[in-house]
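Student: The annotation transmembrane segment is assigned in TrEMBL to 48-75, 134-159, 211-232, 244-264, 292-311, 332-354, 369-389, 396-413, 428-458. Per TrEMBL, domain 'STAS' is recorded for 482-676.
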Amino acid sequence: CSRKRAFQITKSFLPILEWLPNYRVKEWLISDIISGVSTGLVATLQGLAYALLVAVPVGYGLYSAFFPILTYFFLGTSRHISVGPFPVVSLMVGSVVLSMAPDDNFLIDGSNATGTNGTGPLIDIESRDAQRVLIASTLTFLVGILQVIFGALQIGFIVRYLADPLVGGFTTAAAFQVLVSQLKIVLNISTKNYNGVLSIVYTLIETFEKIGTTNIADLIAGLLTIFVCMVVKEINDRFKHKIPIPIPIEVIVTIVATGISYAADLEKKYNAGIVKSIPRGFLPPEPPDVSLFSQMIAASFSIAIVAYAIAVSVGKVYATKYDYAIDGNQEFIAFGFSNIFSGAFSCFVATTALSRTAVQESTGGKTQVAGIISAGIVLISIVALGKLLEPLQKSVLAAVVIANLKGMFMQVFDVPRLWRQNKVDAMIWVFTCVASIILGLDLGLLAGLLFGLLTVVLRVQFPSWGGFGNIPGTDIYKKVKDYKNVIEPEGVKILKFSSPIFYANIDGLKSSLKSIVGFDAVKVYNKRLKALRKIQKLIKKGKLKATKNGIISEPGINNEAFETDEEPEGNEDLQVPTKEVEIQVDWNSELPVKVNIPKVPIHSLILDFGAVTFLDIVAVRSIKTIIREFERIDVRVYFASYQDNLISQLEQSDFFDDIVRKDIFFLTVHDAVLYIRNQMTYSDNQDPIFEKISLMQESKEPIEFTETSRPDDELDVQEE
């Protein structure tokens, strides 16, 4: 606990103390001023436009483009991102606002109310807008609290579960949702505010039903804005190396459109929808409505994660480009406090916008000083210029939003590339996109996340496996199906299971074992017991004779040993006078009883655990059962290439005993093969596949051949 340590902790919480003292005024200030002015003009227009997505008066978009920058300047670790509204997040906030404050809640009777177009029901727009602003600011406040909690708990890693294909599909679906929501504004059509599952379908149906009421002036202004913006943006992209500063086409179009609307008086002559009123100055801070928290907690969680994921992903791109690092947990805290602060001033949730950040970086922005200057430009608009934008058509703002969706729509072309590279990732992209369009953004994101996790579970539950063989003259072992020249060691099967082994895929391990060795160990053992019972009965009847060299028929007696497999098995006392002898049964030869016993062509089985990172208790018990099943039919089981932590897990799970010892574990597969060869070379001449049984032939009681009892702690093994 030293002064130096305390200062380091302070700097980690206030990154401005790290970079501001090292600010190069002569080198960076001019660039930051130019970048800040350019970004501020874009931020002003995007703030107005994105307020339409939140379903609040457009003036509140200016507040949302101003306040979040103030706190991020002190707390943020990215030098280049432009903090403010983003269409995807704004639309998610708007869906909550519309679900909690629909128009139907504000229907009134009386001549003092402001009506919708035509003779429809009267809506108290003033009360509706006030309630929607309160809901949006309360949601912003709650999102900020959640983000601060996530940052304090150091769980910035949660964004890693939002894979790139998932984010790509989600943002593309969000772009489509934004397009549909802005379409009615471009056409100046009045529709119901749908929310929830299939809301986009209902919106499209009603839009096309009322397309005959389209306002031509708004439609022409919107289409011209989209066309001009997209053409100039394409020029900016293609000639960015020759153009020192990108052309601020949104600013130019807005100024021109405002002038035309004012000069031609489009509202009165053509009934065009205009902004009408933008509040001048600032509103006093207001506390959030805590009683609404319970209704929006689920949505706020997804918005908090999405807003953070977008900001961090954009920030990392520029951090990598300019060789500095951003702190994920500190970003959570920075955006959390930004949203708490801005939520008190009637703002909606802030993150970063790709296009605005690109403007800030491409115009020479070096640090967040450019961000503060852009906030100053927005401040000027709030204080002085808001009145000048009142004649602006809403369709122009909606067209600016649509024109900025091009980058997200272009992600559709990633799908063919993803399909060629990884079909599972392509499926995640498509599923998330379709789910987000049909179910809505919040449920669609959850469905995409669950689907992505399901693909991981399935890939672990059904991993790759195969039998391995040796490349002659080397200690290298490769999959038999993939290589022509590999040779399996005689009497040895090698199985590699490429996954952690746990309760969900243990059956897969058992089935792969059966496939590799070619038989079921439990079935073989039970068939052998059945054959031994028949041999015992026939010896008692005198139809077979047991000797030290095996089982033979008595001379002069017809061999009636080939009895049907379905013969009832009795335990009658045959009283055959015999003596104690030891016999051997060659299970791979033809037996004198008609019992179909699967052949066992191997004497050893090696399990390559090189790709097994952990075992759960179910897997440990099942593997121990597998070892005993194979030991009963004289097949030794060995383990190779295991991870060191597996031995500790096995010891903790009481895996080792008198039968299962540590000497069956080898560092490599080749070590295990060499050991098996050595054992086979110096073993007795007696074939280990023979089974010795003792028959008390003088006994009057039949010899009992019973299946070994299964310990209580072992798992049941399914019999084919």
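Even glycines carry a Cβ here, placed using N, Cα and C.
Just so you know, TrEMBL annotations never went through curation; they're auto-generated.
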Student: Pairs 6 or more apart in sequence, C-beta under 8 angstroms, 3 or more of them: is that satisfied by the transmembrane segment (244-264) and the transmembrane segment (396-413)?
Tutor: yes
Student: Below 8 angstroms Cβ to Cβ, which residues of this chain, lying six or more residues outside the transmembrane segment (211-232), approach it?
Tutor: 117, 185-190, 247, 249-250, 253, 257, 261, 266, 270-273, 393-396, 398-400, 402-404, 406
Student: Go through the chain and flag residues at least 6 beyond the ends of the transmembrane segment (332-354) whose CB is under 8 A from any CB in it; none is fine as an answer.
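Tutor: Same-chain residues near the transmembrane segment (332-354) but 6 or more away: 13, 46, 51, 54, 56, 60-61, 63-64, 67-72, 75-77, 81-87, 89-90, 92-93, 133, 136-152, 156, 282-283, 285-288, 303, 306-308, 310-311, 314-315, 404, 407.
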Student: Top stretch among 48-75, 134-159, 292-311, 396-413, 428-458 for CB pairs under 8 A with the transmembrane segment (369-389)?
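Tutor: Going through each listed stretch, the top one turns out to be 48-75.
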Student: Is the transmembrane segment (396-413) in contact with the transmembrane segment (48-75), using three or more Cβ pairs under 8 angstroms as the rule and ignoring pairs under 6 apart in sequence?
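Tutor: Yes, the transmembrane segment (48-75) contacts the transmembrane segment (396-413).
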Student: With the transmembrane segment (292-311) as the reference, find which of 134-159, 396-413, 428-458 contributes the most Cβ pairs under 8 Å.
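Tutor: Highest pair count goes to 134-159.
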Student: By a Cβ-Cβ criterion of under 8 Å, what residues six or more beyond either terminus of the transmembrane segment (396-413) are in contact with it?
Tutor: 45-46, 48-50, 52-53, 58, 87, 168, 171-172, 174-176, 178-179, 182-183, 185-186, 221-226, 229-230, 233, 250, 253-254, 257, 275, 353-355
Student: Average the per-residue pLDDT over the domain 'STAS' (482-676) and send me the rounded value.
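Tutor: The average pLDDT of the model in the domain 'STAS' (482-676) works out to 78.
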